[in-house]
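Undergrad: Sharing the record's features from TrEMBL:
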- 12-29: transmembrane segment (TRANSMEM)
- 63-81: transmembrane segment (TRANSMEM)
- 101-122: transmembrane segment (TRANSMEM)
- 279-299: transmembrane segment (TRANSMEM)
- 306-326: transmembrane segment (TRANSMEM)
- 338-358: transmembrane segment (TRANSMEM)
Amino acid sequence: MKQLDQYILKQLFGPFAFFMIVFIGLLWLNRALGLVDVVVENGQPASIFVELAINLLPKTIEAAIPIAGFAASVMVTNRLFSEAELVVMMNAGRSVVSLAFPYFMFGVICCLAMSFVVHYLAPFATKRLADRQEEIGRQYVTQIVKEGEFVTNDGRFTFFFGEKGADGTLRDIMISEQVSPNKTVTHVAQKGQAVTQDGTTKLLLFNGSIQDFTLPDVALNVIQFGSLSYDLSQFETAVKTRITRPNELYTSDLYDYIEARTLDVKNQAGAVAILQDRFVKPLLSLLTPVIGMATLLVGGFSRSGFILRIIVSIVLMFSIDTFRGVSQSWVSSDGAHWIVSYAPVALAIIVLVVLLFLGSNDLKTIRKQIFGTKQRQVAS
């Protein structure tokens, strides 16, 4: 690689790192906010939120890589053009295709990074996140025991725990059960402790009473107790064994998953779409930096700036990504048309070739104008 190519390549890494941090931060924050309700509703500590949020990072990185690569390419090209560095390179005999080489190498790096994320990191984190959320959903005790709050369950039970100590001791306990429209049974205790033994969770109540209130007789029966065991396992919801989804499988396992043909037609097509998309995304990550650079080169140097070309490049990238979403939806409905997944890649290649062709013609025109002017000056 020539020193000039190395110079441009090094210029790309700084903006790329900056945009990665910005886009990952924004996208991650937006996705992590959706976990707040899950954590709060299940009474989980902040550490669980952090754990779940970390598992969102790979999918966030997956979304950020092509955007950051494209933004870095446009930013660096705009700066090199504005500071006339690209003009000097062109006058030195560099063609548009040769100028695109460092951007292509940068795209290869983005492609490799994206490949690692989509084939390994993202499936691993997605499965881990789903498993952890299922595990949290099974922890019904934390959903019931909430300090200083009235919690209802299934419309029949109401729980209240006035205080929860650091050692797990519960105080000022009330458990009200609406047995029937005319009968309510309430357990009241000064303190208690949740314990699990032989897979069964029980609430040990101390120094309390059982109050049985019946209508229409308006009869209240009270039974005092020193200690009582209250079964909490009855509130465990029947959670079915979670089925691993296609996007949680490594690519090699996803191949086997599809070849097994144990799914219905719709789910089979969905798995095929996910598999093909894992190859499409790295290819687009390779092409987007070069397209961003080539778009700005069309028309040559402009003293008025490159705002219009930057807007055009953004529209091109948005259109290609939208086309990718449409093609994936098509394959999701019929896996036999899997080749359609690569239509956005073909479109991106066509766009790139056209842009490089137009840029090369503009470069020839610029050279003729520059050298023609010099010759006329010498002749005069």
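Each Cβ is built from the backbone N, Cα and C atoms, and glycine gets one as well.
Each of the listed features needs to be described in terms of its position in the shown structure.
TA: Residues of the same chain lying 6 or more positions beyond the ends of the transmembrane segment (63-81) and with a Cβ under 8 Å from any Cβ of it are 8, 11-13, 15-16, 18-20, 23-24, 27, 87, 103, 106-107, 110, 113-114, 117, 281, 284-285, 288-293, 295-297, 301-302, 306, 310, 313, 317, 321.
For the transmembrane segment (279-299), the residues of the chain that approach it from at least six positions outside its boundaries are 12, 62, 65-66, 69-74, 76-78, 81, 86, 96, 99-100, 103-104, 106-108, 110-115, 118, 306, 309-310, 312-313, 316-317, 320-321, 324, 328, 341-342, 344-345, 348-349, 351-352, 355-356, 358-359, 362-363, judged by C-beta separation under 8 angstroms.
Cβ atoms under 8 Å from those of the transmembrane segment (306-326) belong to residues 66, 70, 74, 78, 81-82, 277, 280, 284, 288, 291-292, 295-296, 298-299, 343-344, 347-348, 351 of the same chain, restricted to positions at least 6 beyond its ends.
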